[in-house]
Amino acid sequence: MRTATYFFIFLNLSLALFEEPAVYPLPFLATSVLEVLCLLVFLGRLTHFAKVTLHNVFWKDTKNICIMVAILLSLTDLAIYGVLRMYDVRSIRWSRIVRPIFLINFAESRQIRRAFRSIRNTLPEITYVFLLFMFSLLMFSLMALKLFGERNLQTAEGLPYFRNYLEIVFDLYVLVTTANSPDVMMPAFDFSSWYTLFFIAFVIVNTYIFMSLFLAVVYNNYKKHLKVMPRGAC
């Protein structure tokens, strides 16, 4: 039973690869039939669970309510999408975002729920570090706007360089990952090599200090909550 449940959960999640817009497109009829099959299996599993569980216990369990709501939303969205498709009206399958609910809330997914709850409990405690990081990013972005905004610099593509605050925030956010290094600093470097000190300071503070601190806080708090949570909790 557990293997079959996991198989159909995996199949249901994998449908995103074949539904429009798809990586490997399949006809709408094929994907809809597979989705309905998965939902029927989930409904059958839930019905079987209701048969072997006390009535009051079953309806007080929020996991069962979540699964039923997810099945109802998925079927409703599938029906609406199919009708609109018949009339050549373009729409979006919004119910895809509820599919992970099946992975988390079935009784067989106890370990996944433990990990999910540990992540949820960790989030409030890492908020302060994240806010400090965002404050640093916004302040460095403001400094970059003051340093380079009035220099009329241009990128290699001929676009304005560091003249829009929101674009600066995004470019420096990408620089935290070093994905756009050293390209992001080349226009400033060509103007004056001293400007590289700004980017070196930014990388040291945000990439090497804040990211390491952020990772340490996430790891320690996640491990703490995972240990504190009872193993039988579901």
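Positions of Cβ are set from backbone N, Cα and C atoms, glycine also.
Here TrEMBL flags 6-224 as domain 'Ion transport'. Across the domain 'Ion transport' (6-224), the model assigns an average pLDDT of 89.
Annotation comment: TrEMBL describes 1-16 as signal peptide. Panel annotation: around the signal peptide (1-16), residues 31, 34-35, 37-39, 41-42, 45, 96, 99-100, 102-103, 106, 108 of the same chain, lying at least six beyond its termini, place a Cβ under 8 Å from a Cβ of the stretch.
According to TrEMBL, the transmembrane segment annotation covers 26-44 (among others).
The feature transmembrane segment is assigned by TrEMBL to 65-84 (among others).
According to TrEMBL, the transmembrane segment annotation covers 126-145 (among others).
Residues or ranges marked as transmembrane segment in TrEMBL: 165-182 (among others). Taking Cβ pairs closer than 8 Å, the transmembrane segment (165-182) reaches residues 137-138, 140-142, 144-145, 189, 199, 202-203, 206-207, 211 in its own chain, all 6 or more past its ends.
Residues 122, 125-126, 129-130, 132-133, 136-137, 140, 143-144, 147-148, 172, 175-178, 181-182, 184-185, 188 of the same chain, all 6+ positions outside the transmembrane segment (194-219), place their C-beta atoms under 8 angstroms from a C-beta of that stretch. Look at TrEMBL and you will find 194-219 (among others) tagged as transmembrane segment.
Same-chain residues lying 6 or more positions outside the transmembrane segment (126-145) and placing a CB less than 8 Å from one of its CB atoms are 162-163, 165, 168-169, 172-173, 176, 198, 202, 205-206, 210-211, 213-214, 217-218, 221.
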